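A quick write-up on the structure given underneath.
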Amino acid sequence: MKLFLVLIILLFEVLTDGARLKKCFNNVTGYCRKKCKVGERYEIGCLSGKLCCINYEEEKEHVSFKKPHQHSGEKLSVQQDYIILPTVTIFTV
């Protein structure tokens with residue numbers, strides 16, 4: 001009887017975890033689905049082979065990050081704390 005109760009509890013735990021929608025990636029605010037709903041658009045593919053559907057209204061709330069503008073003619077006069085050395089691997093020999 002105790003084993004039966006444990007199995008029933010575990011069965012409900014598995015079902016509740018599987019019912020949640022999976023998020024696409026950390027930096028994307030979408031969900032993985034087979035088909036996108038109305039008002040959503042397909043951005044990229046998920047690892048499971050489904051579509052990453054992003055809502056238009058949620059996307060408008062998030063402002064895209066822009067890189068600061070650097071002048072191409074100016075050179076930086078700051079010394080670097082490190083030196084980039086060439087690496088040699090088995091494939092380059």
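Here the Cβ of each residue, glycine as well, is placed from N, Cα and C on the backbone.
The disulfide bond recorded by Swiss-Prot for Cys24 joins it to Cys52 [selected from Cys52, Cys53]. For Cys53, the disulfide partner recorded in Swiss-Prot among Cys36, Cys46 is Cys36. Note: Cys46 (disulfide bond) has non-local neighbours Lys22, Cys24, Cys32, Cys52, i.e. same-chain residues 6+ apart with C-beta under 8 A of its own C-beta.
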